[in-house]
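Take a look at the structure set out below.
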Amino acid sequence: MAVGSMNVEEGTKAFPAKLTGQVFLCCVIAAVGGLMFGYDIGISGGVTSMDTFLLDFFPHVYEKKHRVHENNYCKFDDQLLQLFTSSLYLAGIFASFISSYVSRAFGRKPTIMLASIFFLVGAILNLSAQELGMLIGGRILLGFGIGFGNQTVPLFISEIAPARYRGGLNVMFQFLITIGILAASYVNYLTSTLKNGWRYSLGGAAVPALILLIGSFFIHETPASLIERGKDEKGKQVLRKIRGIEDIELEFNEIKYATEVATKVKSPFKELFTKSENRPPLVCGTLLQFFQQFTGINVVMFYAPVLFQTMGSGDNASLISTVVTNGVNAIATVISLLVVDFAGRRCLLMEGALQMTATQMTIGGILLAHLKLVGPITGHAVPLIVLILICVYVSGFAWSWGPLGWLVPSEIYPLEVRNAGYFCAVAMNMVCTFIIGQFFLSALCRFRSLLFFFFGIMNIIMGLFVVFFLPETKGVPIEEMAEKRWKTHPRWKKYFKD
């Protein structure tokens, strides 16, 4: 049964573009990979602020946290503690590389299954961890799950969705990331006062992994992946099922042509880096992920409880503040889901950059003026104002760079280098997330509130990047992206031969 029907944007081939129940179900199930990712992002900051967790694994950090005269900005500065958060993303880089080959050779569906299995085993290992080695080992397996999932899920959704609805359906991945973050912050709040509560928090990661594992048995492989692997008839059958119509020849032929070009490419990475036509999507896709991480968002997502405790909030108050922030994150992502295929990508990205710049600069100014090296901020007004500003900042990210940092790289590459190109985007995400996770607390200790001004300047730079270098991609079939967008862009057309 069709949920809706509309032709794609004028100027592109008029593929029938029904949004069927089959497509919607496949996209929702696949997007649970975002729930896994979000849960992990949200859980680590709360766990690392729990006294029971610090006593079990980082007693020296616990002691430093409770010193009366400890520098406010340096309470949690510890390389091993930061490695607990960041080790996952280091593993994710390697896993994404492997996944790009697995996905091309065996398909998107089995790769998504593997992601859920890695994540499930990692969650069980963390739940039962008795020493730091087990804890880090579990994080590495979680990293493999995240690497496989983040590499494959957005591609899966982009390939299975009609062009007219691709943006909104892909935003579901980011929406479930925000739901995962919100769920994790609430779980941390509930478990923070329990003995060994950190085990329940970390073990909770098994829930989204199980949902994805079971759900992956009910999704279709993408037609593009089937046809790319020589299964033309199966690809045609799946295309009819997910489109809900018999007349799929036009779209099938377009995919078939793209796969014929793709199968001639024996070394996708060599093709990606040596062919001039691939340079525009490579630069834009990779830089979008770089900028997404250097908005400063994971400073808030990883370490929000730590930041609120740094300002003098108690453990419970800091966790409640985090729940509020993450609730705003989820609500704002819904706005993106509703407007992304109407407003377009560029408009949201530029507005988000402006909103985040203003709030980061203001937060930096407030902390510079009011948070001294020793002792909490006096009164409740300043922490409340900072909380409101963080909510405004998070909403700006959630309806722009959050979902679109994943969506745009998944829709701009030609099929022959799509896995390789998207790997570069995911790898950039993992590298930058590792850097933030591993070094932010140390940077906070050294640069203090000036760090927020740094992120504000980065937001200005990325807004200018969108203005001058990123084409609008809404409503354009992936197979036509080069012809309709890159070849006509004033700064990128020189890379295409006539």
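Glycine is no exception: its Cβ is also placed from the backbone N, Cα and C atoms.
Feature annotation from Swiss-Prot assigns topological domain 'Cytoplasmic' to 1-22, 471-498; the stated evidence is sequence analysis. Positions annotated as transmembrane segment by Swiss-Prot: 23-43, 80-100, 117-137, 140-160, 167-187, 200-220, 288-308, 320-340, 348-368, 381-401, 421-441, 450-470.
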### Task
Between the transmembrane segment (167-187) and the stretches 23-43, 80-100, 200-220, 348-368, work out which stretch tops the count of Cβ pairs under 8 Å.
23-43
### Model confidence over the topological domain 'Cytoplasmic' (1-22), averaged pLDDT
51
### Query
With pairs closer than 6 in sequence left out, are the transmembrane segment (320-340) and the transmembrane segment (450-470) joined by 3 or more CB pairs under 8 Å?
no
### Query
What are the helix, strand and coil residue counts for the topological domain 'Cytoplasmic' (471-498) according to DSSP?
13 helix, 0 strand, 15 coil
### Query
So, do the transmembrane segment (320-340) and the transmembrane segment (381-401) meet, by the test of 3 or more Cβ pairs under 8 Å (sequence gap 6 or more)?
yes
### Task
State the residues, same chain only, that lie 6 or more residues beyond the ends of the transmembrane segment (348-368) and have a CB under 8 A from a CB inside it; answer 'none' if no residue qualifies.
295-296, 311, 336, 339-340, 382, 385-386, 389-390, 392-393, 395-397, 399-401, 404, 448-453, 455-456, 459-460, 462-463, 466-467, 470
## Note on the structure
Answer key: the stretch among 23-43, 80-100, 140-160, 421-441 with most Cβ pairs under 8 A to the transmembrane segment (200-220) is 23-43
### Message
I need to check the long-range neighbours of the transmembrane segment (23-43): which residues 6 or more away from its ends have a CB within less than 8 Å of a CB in the stretch?
### Response
3, 88, 112, 115-116, 119, 142, 145-146, 149-150, 152-153, 156-157, 160-162, 165, 169, 172-185, 187-188, 201-202, 204-205, 207-209, 211-212, 215-216, 218-220, 242-243, 298, 301-302, 326
### Query
Have the transmembrane segment (421-441) and the transmembrane segment (117-137) got at least three CB pairs under 8 Å, pairs 6 or more apart in sequence?
no
